[in-house]
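Participant: What follows is a structure written as structure tokens; I'll ask about it next.
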Amino acid sequence: MKVLVICAVLFLAIFSNSSAETEDDFLEDESFEADDVIPFLAREQVRKDDKNCIPKHHECTNDKKNCCKKGLTKMKCKCFTVADAKGATSERCACDSSLLQKFGFTGLHIIKGLF
């Protein structure tokens, strides 16, 4: 019974995280018209294309919303401040899975190992 509850919680956490990211883009302006939806749908079609998305651990500084999907969830662009040899700092971003997704996948592998 405990295993079933843990699996259900992990599934809900991963599902809510993957669905919340697309809803955030869509619900920014609640009073939208059909003219506003068409560019949004066109942009989503481009993002779904595997050839145009940014793979894991690749640079996404200039295009933060175009990370590829990994399984059921979409990776996020994470930014870091990097200092070079001269001491000048710059911001670098790379596509990576969120911490919640990493915990979910680790838990899933542990549960699979039990069976």
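Please read every residue number as a count from 1 along the shown chain.
The backbone N, Cα and C atoms fix where each Cβ goes, glycine too.
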Participant: Taking Cys79 as one end of a disulfide recorded in Swiss-Prot, give the other end from among Cys60, Cys93, Cys95.
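Facilitator: That record, Swiss-Prot, gives the partner as Cys93.
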Participant: Which one, Cys7, Cys77, is listed by Swiss-Prot as the other cysteine in the disulfide with Cys60?
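Facilitator: Between Cys60 and the options Cys7, Cys77, Swiss-Prot records the bond with Cys77.
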Participant: According to Swiss-Prot, the disulfide involving Cys95 connects it to which residue among Cys53, Cys67?
Facilitator: Cys67
Participant: Among Cys7, Cys53, which cysteine does Swiss-Prot link to Cys68 through a disulfide?
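Facilitator: Disulfide mapping in Swiss-Prot sends Cys68 to Cys53.
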Participant: Looking at the disulfide-bonded residues Cys53, Cys68, Cys79, Cys95, which has the shortest Cα distance to Cys60 (disulfide bond)?
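Facilitator: Its closest listed neighbour, by Cα, is Cys95.
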Participant: In angstrom units, rounded to an integer, how far apart are the Cα atoms of Cys53 (disulfide bond) and Cys67 (disulfide bond)?
Facilitator: 5
